[in-house]
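Peer 1: Quick one: the structure is below, and I'll ask about it shortly.
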Amino acid sequence: MEGSKTSNNSTMQVSFVCQRCSQPLKLDTSFKILDRVTIQELTAPLLTTAQAKPGETQEEETNSGEEPFIETPRQDGVSRRFIPPARMMSTESANSFTLIGEASDGGTMENLSRRLKVTGDLFDIMSGQTDVDHPLCEECTDTLLDQLDTQLNVTENECQNYKRCLEILEQMNEDDSEQLQMELKELALEEERLIQELEDVEKNRKIVAENLEKVQAEAERLDQEEAQYQREYSEFKRQQLELDDELKSVENQMRYAQMQLDKLKKTNVFNATFHIWHSGQFGTINNFRLGRLPSVPVEWNEINAAWGQTVLLLHALANKMGLKFQRYRLVPYGNHSYLESLTDKSKELPLYCSGGLRFFWDNKFDHAMVAFLDCVQQFKEEVEKGETRFCLPYRMDVEKGKIEDTGGSGGSYSIKTQFNSEEQWTKALKFMLTNLKWGLAWVSSQFYNK
């Protein structure tokens, strides 16, 4: 409730608010002229004669300690109870208040305060008689009326249903009643039977539930075993893949090894180890030049290395054939290889030289080269024993220490260095290497092709 004061007219304006939307209300002018009779009619609760009898109402009021009330019968069958004015005026209310302000005289202020108090008490009584708090604005009242209309329609429909049921019951005779009793007994028996079936079903349900728990436990165990088997399978699968990779790797290695083996089988050890060729006027073995020219002074270390490879080649060919040389024994010793005389073992014939003045006066180097030529001749003769068609391109004269160019110029070239030119000595060495190359080819064809 709100209040405002106007100082010119010395009047007080008081307004109430809606109990739902809290909007300020402007009361109707009829609230200003309320008399006691009107107030009693507005605040009296509505009861029908069927719901409450006068005697019972009076007895209840007497027992409850309430003040007596006046019941006024009406033509519409509704009794109205009126609360005595003295009680209403003395009721303490939540809307009660004391008006303090200025007025033209004391009587007017007292009348205004009394009227507002009566109005507030009236709203409290109306709120106590119903489930709705008062006052309400017009919109909230319309909403409330719509709700009450809905409840009224529902209640009327229920009432109509009850009336129809009552009419049906009143129209039924005794036979129908007995028949209904029999049906009721049958339904009771059916209910007992269904209850028994329900109990049996409940027992079966418990049994099925127990079986279900067992099956679920078994299923869980099987799931665990399946997971374990899956893990083992995955591990075995991984191992299988690793073994497959290893197998493929081994197979690849075997194929590669087989290819290498086939290649090695086709490879001639002598041809691969001893490569005899020529470089200009020089005969070469494993890229070492054998001989020297005035225009090309080959180092003696290279010549000695070439002689070492040559001795090693003839020694290997003889061992392959099982040939043992007469008069001399080959001793491969790198660039210090030599021949050992079988008649005089203390005599060594070196196939190496350092040059200088000593080279011209010491003839051991020449004797060693002639002895080596003798060994080549023995190798040729050994081959001819088994292969009569075998022939070397250059004929060798061991006694003179010369090699003849039978297929070319027909000249003879000494293998010695003393009293010989470097050109002829180099050519003789070249022809000797050519004969060894032919011997190498024959040995390869006889032993390795088989």
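Here the Cβ of each residue, glycine as well, is placed from N, Cα and C on the backbone.
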Peer 1: Quick check on the annotations: Swiss-Prot lists motif 'BH3' for one of 8-27, 108-127, 268-287. Which range is it?
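Peer 2: Comparing 8-27, 108-127, 268-287 with Swiss-Prot, motif 'BH3' matches 108-127.
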Peer 1: Please list, for the region 'Required for membrane-association' (425-450), how many residues fall into helix, strand and coil according to DSSP.
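Peer 2: Looking at the region 'Required for membrane-association' (425-450) with DSSP, the answer is 24 helix, 0 strand, 2 coil.
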Peer 1: By a simple count of other Cβ atoms within 10 Å, which of Ser30, Thr119, the modified residues in the record, is least packed?
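Peer 2: Among the modified residues Ser30, Thr119, the sparsest Cβ neighbourhood within 10 Å belongs to Ser30.
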Peer 1: Would you mind splitting the motif 'BH3' (108-127) into helix, strand and coil residue counts from DSSP?
Peer 2: 20 helix, 0 strand, 0 coil
Peer 1: With a Cβ cut-off under 8 Å, give me the same-chain residues at least six positions beyond the ends of the region 'Required for membrane-association' (425-450) that come close to it.
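Peer 2: Counting only partners 6 or more residues beyond its ends, the region 'Required for membrane-association' (425-450) has Cβ contacts under 8 Å with 268-271, 274, 276, 278, 281-285, 290-293, 310, 313-314, 317, 320-321, 373, 376, 379-380, 383, 387, 390, 392-394, 396, 402-403, 405, 413-417.
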Peer 1: Quick one: what's DSSP say for Ser30 (phosphoserine), helix, strand or coil?
Peer 2: helix
Peer 1: Pop the Cα-Cα gap between Ser30 (phosphoserine) and Thr119 (phosphothreonine) into the table, whole Å please.
Peer 2: 11
